[in-house]
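Have a look at the structure below, then the notes.
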Amino acid sequence: MYILFTLVLTFVFCKPIHSLQCYNCSHSTMQCTTSTSCTSNLDSCLIAKAGSGVYYRCWKFDDCSFKRISNQLSETQLKYHCCKKNLCNVNKGIENIKRTISDKALLLLALFLVTAWNFPL
């Protein structure tokens, strides 16, 4: 009886472990349709646009930063987005994904110049 009770509790409270599914294409110029199961250490999906191509792959969420992604992909200009749902790295609205550090730096520089121009020393 105790064994049966333990088995029932195990099935009720333990969820099966499924690996994350992500699209997986390198420097694609078209919509990616190939998917893959991510390994346990890659817990998010990445979509990164660089130049005329788009990268789709499994990615470690803690490494979802401009520096890590640009180093790994050997790209100096890119926009990227990491997500944690199955097949979430689709090429919809890629123009709205995170801006790169260089875009933010240009905006900050422009703001500084406007402020300096309006408030002379």
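Quick reminder: no glycine exception, Cβ is built from N, Cα and C everywhere.
Marked as signal peptide by Swiss-Prot: 1-19.
Mean model confidence of the domain 'UPAR/Ly6' (20-104) amounts to 87 (pLDDT, 0 to 100 scale). The domain 'UPAR/Ly6' annotation in Swiss-Prot covers 20-104.
For CYS22 (disulfide bond), the count of additional Cβ atoms within 10 Å of its Cβ stands at 27 [all protein chains shown]. The disulfide bond annotation in Swiss-Prot covers CYS22-CYS45 (among others).
On its own chain, ASN24 (N-linked glycosylation site) has CYS32, THR34, SER35, THR36, TYR56, ARG57, CYS58 as residues at least 6 apart in sequence with a Cβ closer than 8 Å to its own Cβ. What Swiss-Prot lists as N-linked glycosylation site is ASN24.
Non-local neighbourhood of CYS25 (disulfide bond): CYS32, THR34, VAL54, TYR55, TYR56, ARG57, each in the same chain, at least six residues away, with C-beta under 8 Å from its C-beta. Annotated disulfide bond per Swiss-Prot: CYS25-CYS32 (among others), in sequence order, evidence recorded as similarity to another entry.
The disulfide bond annotation in Swiss-Prot covers CYS38-CYS58 (among others). Cβ-based neighbour count (10 Å, all protein chains) for CYS38 (disulfide bond) stands at 20.
Annotation comment: Swiss-Prot describes CYS64-CYS82 (among others) as disulfide bond. Using a 10 Å radius centred on the Cβ of CYS82 (disulfide bond) and all shown protein chains, the other Cβ atoms total 22.
Feature annotation from Swiss-Prot assigns disulfide bond to CYS83-CYS88 (among others); the stated evidence is similarity to another entry. Its Cβ placed at the centre, CYS83 (disulfide bond) has 19 other Cβ atoms within 10 Å. Taken residue by residue with DSSP, CYS83 (disulfide bond) is part of a strand.
Per Swiss-Prot, the feature GPI-anchor amidated asparagine maps to ASN96; the stated evidence is sequence analysis.
Long-range Cβ proximity for CYS88 (disulfide bond), meaning a same-chain Cβ under 8 A and a gap of 6 or more residues, is found for CYS22, CYS45. All protein chains shown were included, and the count of other CB atoms within 10 Å of the CB of CYS64 (disulfide bond) stands at 18. The local packing around CYS58 (disulfide bond), expressed as other Cβ atoms within 10 Å of its Cβ over all shown chains, amounts to 21. The most densely surrounded of the disulfide-bonded residues CYS32, CYS45 is CYS45 (count of other Cβ atoms within 10 A of its Cβ).
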